[in-house]
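The signal peptide feature in TrEMBL is assigned to B:1-28. According to TrEMBL, the feature transmembrane segment maps to B:38-55, B:62-79, B:91-112, B:124-144, B:180-202, B:214-237, B:243-268, B:306-328, B:340-361. Positions annotated as domain 'ABC transmembrane type-1' by TrEMBL: B:197-362.
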C-alpha cells in the first residue's frame, strides 16, 4: 500500500459516505415527522422532548424514508439470521435473481461473441446486421420485458427461462459490439506480419484477433453483467414472479414496506457490485497472464 | 464446384424450388382460396429465374436489381396468397419463402461487394443494405406467423401491429406526451445539468473528487432502476415520480464522464494556458470544457437511453391512466399483444430520434474530434 | 517474352509500376523501376517520403500488387515467394504482440509454419543470441527499451529459414546513439548469416554505412534515379564514416537526390 493511499483515496471516500449517511438521517427525520406528528396527536402524546420525537421518527414500522440503521438491521436479519430456504431470506431471493442473471449473461455473451465473429468475417452480415445492432442500443429494449414474461407464461414457459431470456438479449448487444471492435483492433502492421508468414485465416484469427480482442471482451462483459442483472430484476417485477429481488421490490411497493424495499435495493446493489467485481477480477487475472503491464 | 461456390445461395434456392415442386400445393387442401395456377407458376419462374441469373456473369448492379425485384415480388405474391388462408400454408410455401430469402441474401452479398463510385451511391448502399435486412425480418415474421397460424397472443404478424399502430395514434400520442415530454425530458435535463454542475464542483475541490468518483463509478453499475417503487411512493403516480427516477439514473453517468473529460486535456495544452497566466475559469472554458465535450456527449447519449428505460419501467409501478409503461403493462394484462408491440415500436422510434438529436448536437460541437472527422 | 532472371538474382524487377486509384485521381507510387538484387547484397533504398521506397518493399513482400511490369523474388512471383515463406519482414515499428513474451513472439512465425517444439526452442535460443538478447526471452515487450524491442523483431524475422530480409526503416523511430549501435550489429549479423537484405531508410549516412548497393529514389512519380555500388570494404568500423571514401559516396547519394528534385519544397 502506498503511503498516501489512506489520505488520498480512502479518507475522501469515507468522508463522503459519512456525509451521505448524515444527510440520510436528517432527511429521515424530516420526511417521517409529519406522519409521526399525526400519530402522536392520535395517541394523545403531549409534545415531548425533541429527542424522543426524533427517536420515534427513526423507528416507525412503515416510514416514508427508513433510517439507515433500520435498513441495516433488516438486511442483517434477513441475510444471516434466516434459513436460506425461507421466503423472507434475502439470500434466497438474491439466489433466484442471480441464477437467471448468470444463465442469461452466459447465453448472451456466447451469442454476442458468435455474432461478432460472423460480422467480422462475413461482409454481408457486417453491412446488413451491424447497423441494426448499433441502432438497437438506442432503443429502450427493456420495455419488452413484461411482454416476454406474459407471452411465455401463456405457453407455459415460466420460472427461470423467461427472465434469463431478457438478460440474454440485454447482455448480447454490448458483447457483440465490443467483440467486433476487439476483433478489428489489431493494427494493419500486425495483420501484414501475419500475411508475410502466409498464415491461414484460422491462424490469424486464433493467434492475433482473439488475443487482441480479450480486453475489449472483458470491458463489454462488465457492462453486460450489470445489464443482465437489471434485466432479471425487471423481469421479476411486472408480473408477480414467485421469488427474486424484483419480487421483493414489488412486494415492498404494494404493502408500503419501505424497510423491506430498501433492504431489497441494498441486496441488488451488493449483487451488482459483486458480479462486476468478479468480472473485473477475471479481467485482471487474464490480463496478468497475458503479460499486461501492471497498472 | 466453382460454379456452385459462385452463388451457393442460388444453388440452394434452386434445390428448394425442386423440393417445393415435389410437395405442391402451397396451401392445405381445405384452404378457402388456394393459389391460382398462374400465380404459383409466376412465383416459381421468378425464384428459379433469379437463382439462375445469380450464376451468370453480369454486372453487379444489374444482378442485384434482378435479385431484388424477383425475390421481393415472389415474397409479396406468396404473402398476398395467405389472406384468408391463415395457418394453411404447407411445406412447399415455406420452401419458396426460404428460397426467396436466400435470393435476397445473395442480393445483399452482391450489394456489399459493390464499391460505390460517388458519395451519394455509397450513402444509398449503406442505407439500402440494412433496410433490406430489416425488411426481410418483417417478411419472414409475417410469412411464418400467418402461414403457420401462430397464436395471435404469442406473436402477432407485423401487418396487424401496423394496423393497430395506425388505428391508435391518439392514444399513442397521449402516452408519448405523458412519458416523453413530461417525465423523460424534465428528468433528463435536470439529471444531466446537476451531474455536470457537481462534476465542475468536484473539479474545483480535489477532496470531493477523490471521494465522489469511486462512489459514482460504483453507482453507475448498480441497478438504480430499483428506486422506481420508492420514487412512486414519495412523489405520487404522476410524471414527477418518473422524472425523479430519470434524474437519479442520469446523474451518475454525467458526473463520472464529465470528471473524466475534464482530465482529458493534454499537459502540453495546459502548460500553454499556464504560460498565458490564464485563470481557472479561462482554462476551463477555453481548453478543458472543449476537450471534455466528447466525454460529455458520450454521457448524454448513454443517458438518452437510460432516461427512456427509467421512465417506462417506473410506470410499471403505477401511473395515472396514460403513459407508455402504463400502456404496456395494462395491455399485456388484457392480452392485447398487438397494442404492446405498437407501443414498443413507438418507444423504439422515440429512442432512436432522441439519440439521433443528441448525436447531431455532438457532430456540430465536436466536429474536430478524430472520430468525427472525414466520416 | 519471358525473362529468366540472371543467376544468383534474388529480386529482379523490370519496368515495374504501381498506381493507386484514389478519390483525387491516380497516384503513381512506382513507375518504370528496373532493379537487380543479387544474392548476398545489402541494398539500401533511400529517398524522401512519397518516393515509393516502402511501396517497392511491399511489392517484393506481396503486401501490394504491382500494376505494371514484372518482378520475381527468388525466381518466383512475389505471391509464390510469400507462400513459400522465402523472406522475413521487419516493420517500422516492432509490432510485437503485447500478450506474448519475447521468446513467444519469436516463436510466432515458427508456430504458424509448423516447426516442432524442440526446433522452436533451439531457434529461439540461436536468434536471441544473434541479436544479443539472450536472457531477455521471458520478458514482455513493454519491459524492454525501444532498441531492444526492434532487435527482438529482427530476431523474429531471422527465426525461420528465409535468405531474404526486408527491412522497412527499422531504426527510424530510434535515437541516433541506439541507431549507430544497431547499425553496427546489423552489419555483423549480415556477415555471419550471409542473408540478402533490402533496407529502406531516409538517412544518408545509414545507407552509405550499411550497403553494398544504394538505390536512390525520387517522388512523383516514384522512380529510381541512381544506383550506386559501394566501394567501401566489407569490414566497416563506425569510424569509416569520417573517411574521404565514405564522404564521396554520401556526396553521390546527395547529388542523386538533387537530380530527382528531392530537395525542393513540396
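A Cβ is built for glycine as well, from the same backbone N, Cα and C atoms used for every other residue.
Each of B:62-79, B:306-328, B:340-361 was scored by its Cβ pairs under 8 Å to the transmembrane segment (B:91-112), and the highest score goes to B:62-79. Here the transmembrane segment (B:214-237) has long-range neighbours at 244-245, 248-249, 252-253, 255-256, 259, 309-310, 313-314, 316-320, meaning same-chain residues at least 6 beyond its ends whose C-beta is under 8 angstroms from one of its own.
Proximity of the transmembrane segment (B:180-202) to the transmembrane segment (B:124-144) is not established, fewer than 3 Cβ-Cβ distances being under 8 Å for residue pairs spaced 6 or more apart. A Cβ distance under 8 Å defines the sequence-distant neighbours of the transmembrane segment (B:124-144), meaning residues of its chain 6+ beyond its ends; these are 68, 75, 78-79, 82, 89, 93-94, 97, 101, 104, 107-108, 111-112, 114, 116, 150, 155, 157-159.
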